[in-house]
Amino acid sequence: MKSVSRFVLALMAGTMMGSAAYAQEAPIRIALMTDLAGPTADYGGQGGMEAIKMAVEDIGGSINGRPVEIAFIDHQNKPDIAVTKAREAYDNGTDMIINLSNSAAALGVMEIAKAKNKVVIVTGAGSSKITGDACSPNTVHFAFNAYSLSNAPVEALTRAGDDDWFLIVSDFAYGLSVEGAVTGAVDQAGGKVVGTVKHPAFMATDFSSYALQAISSGAKVIGLSNSSSDTTNSIRALKEFGLGDDQKMVAFTLLINEIHGLGIDQASGLVYATAFYWDRTEATREWSKRFYERVGKMPNMVNAGDYSGTLHYLRAVEAAGTSDADKVLEKMHEMPVNDMFAENGRVREDGMMVHDMYLVQVKTPEESKYPWDYLNVLETIPAEKAFVPLEQSECPLVAKD
Amino acid sequence: MTEIFGVPAQVLYGQLLLGLVNGSFYALLSLGLSVIFGLLNIVNFAHGTMYMVGAFLAYVLLSPLGLNYWWALALVPVLAAGIGIFIERTVLKRIYGLDNIYGLLVTFALTMIIEGVVRVYFGVSGLRYPVPQALTGMLDLGFMRLPIYRVWVIVAALGLCLLTWAIIERTRLGATLRAGTENPKLVQAFGVNVPMLVTLVFGWGVGLAAFAGVLAAPLMQLTPQIGHSIIITVFGVVVIGGMGSILGSILTGLALGLLEGVAKVYYPEASSTVIFVVMILVLLVRPHGLFGKQ
């Protein structure tokens, strides 16, 4: 009899351990998919990895007793690899994929997420299609897009009387879509585009001819409708060939890492819009210093978006009590986003997480007092003005009256 | 204001001058590529990478080691030549007897490896190398303001090109080199160490690329991709000029730089392809290039 009860006890203990083990075997799986080491690694890479880890740590490493597991996937900037690996990850139990630098990769993975009913959070790509005609109920777009980066600077400068523009345009999809957005915004604000010059994307290292044409046009503002090394090389060339004192430079896609690489004397005076500046509030400073200790550089808006997006997702899982995509997405749309990245951000029907954007200007070398002290925040662009109004949205999910 | 085909003359002159600066880089790089092909029969895809390595070596000499631009100009080509010689002795030597395509594959692999390593250490945001103090400032030419540094680039690049040409075409060493490629066995029979000559030539070619890298360093943001973007154009230049022709490379480099400059004024979208259009035309009419031998 004694031996039997012992056996029963052992059995019970065994089942209990079994169920505990079962709980641990069903983790919440999230994956950072990005360019881990390639030419756009500033949009993901090491910074993205640490940002995600920080979000998971800050929420305590587990939710409702389920541990959070993180995977890092390198899409090598190739949309086909991104799509294949996303399908593989979702099939192996991944609940959410975040970042997706490179718009083509993002649009491809969005399709997979929709087909498999999983969650995707885009932070590293800026195409307006993501929440436009290609929008998806499974996608949430954090951080920035082409509209939010181009509209505000154009509006602010034209309002201040800098109303004739010359554009240096990168001759590929993103550059042209920014050109379109800028031209529209300039017209609307009552200014005019006096000239444009197109250059091959990511192939030219010599921007002197374009700079010369821009400077000699005499336009009050020179707008850079390009990105990454094309933007920084344009800025250098404009400075080298003697940008006039009465001429301003505006960039439409710039990360703080690029200002760091250029040096503040080259970039000073440059105006652009950003979703995040590390030195803006007490909360951003505190978080950014923690980030700096781990990565060795200050976070850019994509890194901050990765953190905020992950945190928002995990909080939604917590509130929903499940990682089931439909319920989590419902919570993500319902709950406001409040963290160091966004104050009272909210996810709209088209999937855009709308939040304040900031119009910033690069400081002069004299104004900069400590490392990474690069920007003056000129004005805060309220969420409702920073993003394309819903009534103009091309997203089929937006109910039209 | 005078206009030439609807473009103000000033603008055209400015672009031509900038084209000449770019042409100097094409000349310097295609010269090295051409010399290596002529004497080693290797299509060195890693040539652009050595240009990139040159620029990054200059950066490393400056910031951790405190050696300025002029030191870099003197030391970097020697260091890079050392790397080149090491690669030639350990890797390329083994494939001389094989088809050209193997050389292309091996050097392409080297490109990927070296670029990857540089990317891991220096990132992709771009690094900045300042213009040396003595060469800052602008020249006012009336039709444009030209940074003095660009004038120096033309002078230095063309000077080195002419020096290389003179050594190969006008000295005894150069004569031995040319003979060595024509008939290595015979030259060896005269007591000349041909493999060593070949190694030295490869080192020299790599040194030229690295020199171009140092010259270019103050002109752009240094990213691991800079070699990648220029090498394709330089291949075009070499094909047009004729593989293995030294003077051909120099002249073609300059001419195509100018042509690009003109394209940038009249139809900027075509500026990146105009060289390849010329390349196709030349291949149709003279498959061995403008200056190539049959």
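Cβ coordinates are placed from backbone N, Cα and C, and glycine is handled just like the others.
Here is what TrEMBL says about this protein:
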TRANSMEM  B:12-35  transmembrane segment
TRANSMEM  B:42-62  transmembrane segment
TRANSMEM  B:68-88  transmembrane segment
TRANSMEM  B:100-122  transmembrane segment
TRANSMEM  B:148-168  transmembrane segment
TRANSMEM  B:189-217  transmembrane segment
TRANSMEM  B:229-259  transmembrane segment
TRANSMEM  B:266-285  transmembrane segment
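Taking residue pairs at least 6 apart in sequence, the transmembrane segment (B:12-35) and the transmembrane segment (B:148-168) share three or more C-beta contacts under 8 angstroms. Only pairs six or more apart in sequence are counted, and the transmembrane segment (B:12-35) with the transmembrane segment (B:229-259) gives three or more Cβ pairs under 8 Å, enough to call it a contact. Looking at B:42-62, B:189-217, B:266-285, the range that has the most CB pairs within less than 8 A of the transmembrane segment (B:68-88) turns out to be B:189-217. Remote same-chain residues near the transmembrane segment (B:229-259) are listed as 16, 19-31, 33-35, 37-38, 45, 47-49, 51, 158, 161-162, 164-165, 168-169, 274-276, 278-279, 282-283, 288-293 (criterion: CB distance under 8 Å, separation of at least six residues from the stretch ends). The list of residues near the transmembrane segment (B:42-62) in space but at least 6 beyond its ends in sequence, with Cβ under 8 angstroms from a Cβ of it, reads 29, 32-33, 36, 68-69, 71-72, 75-77, 79-80, 83-84, 87, 92, 95-96, 100, 103-104, 107-108, 110-111, 114-115, 118, 122, 127, 129, 202, 205-206, 209-214, 216-217, 222, 224-231, 234. Only residues 6 or more beyond the boundaries of the transmembrane segment (B:100-122), in the same chain, are considered here, and those with a CB under 8 A from a CB of the stretch are 41-49, 52-53, 56, 59, 87, 91-92, 222, 224-225, 227-228.
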